[in-house]
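Feature list (source: TrEMBL):
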type: BINDING; residues: Thr12, Gly13, Ser14, Ile15, Asn40, Asn124, Glu126, Gly205; note: NADPH binding site
type: BINDING; residues: Lys125, Ser151, Glu152, Ser176, His199, Ser212, Asn217, Lys218, Glu221; note: 1-deoxy-D-xylulose 5-phosphate binding site
type: BINDING; residues: Asp150, Glu152, Glu221; note: Mn(2+) binding site
type: DOMAIN; residues: 6-132; note: domain '1-deoxy-D-xylulose 5-phosphate reductoisomerase N-terminal'
type: DOMAIN; residues: 146-229; note: domain '1-deoxy-D-xylulose 5-phosphate reductoisomerase C-terminal'
type: DOMAIN; residues: 261-376; note: domain 'DXP reductoisomerase C-terminal'
Amino acid sequence: MKKRNIAILGATGSIGTQALDVVRAFPDFLEVSVLTASSNADLLIAQALEFKPAMVVIVHESGFRKVQDALKPAGIKVFAGEEALQEVVQLPRIDIVLNAIVGAAGLKPTVAAIQQRKDIALANKETLVVAGELIMDLVKKHDVSMLPVDSEHAAIFQCLMGEEQNPVEKIYLTASGGPFRGKDRAFLSTVTKSQALKHPNWVMGAKITIDSASLMNKGLEVIEAKWLFDLAAEQIDVIVHPQSIIHSIVQFLDGSMKAQMGLPDMKLPIQHALTYPLRKANDFERFNFLDYPSLTFEQADSQTFRNLNLAYRALQEGGDRPCVLNAANEVAVAAFLADRISFLEMSELIEATLRQQNWIQKPSLSELLAIDQQARLVAQNLIG
Ligand code: NAD
Ligand code: MG
């Protein structure tokens, strides 16, 4: 069988390193041609020496010399800078680009890859939050596959297989509830970043871990689902399921529901996206019902965790609102991680940024990139 050639953007992160675990499990089927990282030169070098890609990118120039010295003898081309991300995805032999960059920084490389007719395995949900409509138009225009890696969306995608003729009534995105499930605002007013960084079910990068604690992650996922599956906001519901075994659910017009389940292990949705439409045998741990005698469900507490409603509102208002929401959230999370604002102030900052930013109904890609930058400045000024 022809090998599949992949580019992994954000190779040194949580998704990136797990994607390389998946590649290790299928050496006869998956092959890596591009690896990129923001600044972790040592890990990028080790990955490149193991997987022998044709090219690597280290975004921060400060790491360039070190990576170059280490990889040049192995015949691996090394580039630095943000622009290089858009160039390396164009390498002709690449079949799939796995975008595992965190934040809106993932948008331009996604666009470049689609324009070169590469299939996309998308972990970078911010791509669709910022520019979902434009991206899905490009996916259609260039006739590429957009394969979700986010576990909830991978679940919905799998539930929809074979249902092409059947409209969806609604979907339920499951949420773990994060480390602060059941807590009230008095409790949240004093939580620290080390408490917020302890997720009960998943080990992930810092930004998505904070987003999970604040429910912004689920808000971003509602917007992501809207564009991936062409749904109205009213068709997307969130249900808290603390065990994270059911990864999401589709309900059809006859009331029948399909759910996709499995252990909370991101290697499963990563493998699904990289081997789609095949399901390849692996030796990852299997689910045991007796370890999970009860799977439980509860309503999301959107009074306490205001981000979920902020995201629904941004989606309903449309235009540039989700882009502003995302930019303000990225600034808010960075400020919380730097001990500059409190946990609850994150929602306040996002709401205040949305209030101060002008509204654009049908922004182009270049307008969205400018709005993203402006919203970051507004949010930073609000922090002071
Ligand atoms: P992470 O912080 O662990 O890794 C991010 C990767 O992107 C790193 O390799 C880093 O070097 C690179 N990067 C960071 N900033 C960059 C920039 N400005 N330009 C280019 N590269 C940059 O993050 P993660 O947890 O792996 O998450 C990656 C994406 O996947 C996010 O969009 C997240 O929401 C999504 N996601 C993650 C998980 C998970 O389990 N970690 C699950 C679902 C979705
Ligand atoms: Mg998810």
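All residue numbers here begin at 1 and follow the chain in the order shown.
Backbone N, Cα and C atoms are what each Cβ position is placed from, and that goes for glycine too.
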Those binding-site residues in Glu152, His199, Asn217, Glu221 whose CB falls under 6 A of ligand 1, listed in sequence order: none
Which are the residues of the chain, Asp150, Glu152, Glu221 excluded, whose CB is within 8 A of where the CB atoms of the Mn(2+) site average out, their centroid? Lys125, Pro148, Ser151, His153, Leu173, Asn217, Lys218, Glu224, Ala225, Ser248
Using Cβ atoms only, which residues of the same chain lie under 8 Å from Asn124 (NADPH binding site) while being at least 6 residues apart in sequence? Leu9, Gly10, Asn99, Ala100, Ile101, Val102, Gly103, Gly106, Leu107, Thr110
Contacting binding-site residues, sequence order - Thr12, Asp150, Glu152 vs ligand 2, Cβ under 6 Å: Asp150, Glu152
Pairwise CA distance, Gly205 (NADPH binding site) versus Asn217 (1-deoxy-D-xylulose 5-phosphate binding site), rounded so that it is a whole Å: 12
Just the number: how many Å between the Cα atoms of Glu126 (NADPH binding site) and Asp150 (Mn(2+) binding site)? 11
Roughly how many Å lie between the Cα atoms of Asn217 (1-deoxy-D-xylulose 5-phosphate binding site) and Asn40 (NADPH binding site), rounded to a whole value? 25
Across the domain 'DXP reductoisomerase C-terminal' (261-376), DSSP labelling yields 64 helix, 3 strand, 49 coil
Find the shortest Cα-Cα separation between Glu152 (1-deoxy-D-xylulose 5-phosphate binding site) and the binding-site residues Gly13, Ser14, Ile15, Asn40, and name the residue that gives it. Ile15
Taking DSSP H, G, I as helix and E, B as strand, the domain '1-deoxy-D-xylulose 5-phosphate reductoisomerase C-terminal' (146-229) contains 40 helix, 11 strand, 33 coil
Taking Cα-Cα distance, which of the binding-site residues Thr12, Gly13, Ser14, Asn40, His199 are within 10 Å of Asp150 (Mn(2+) binding site)? none
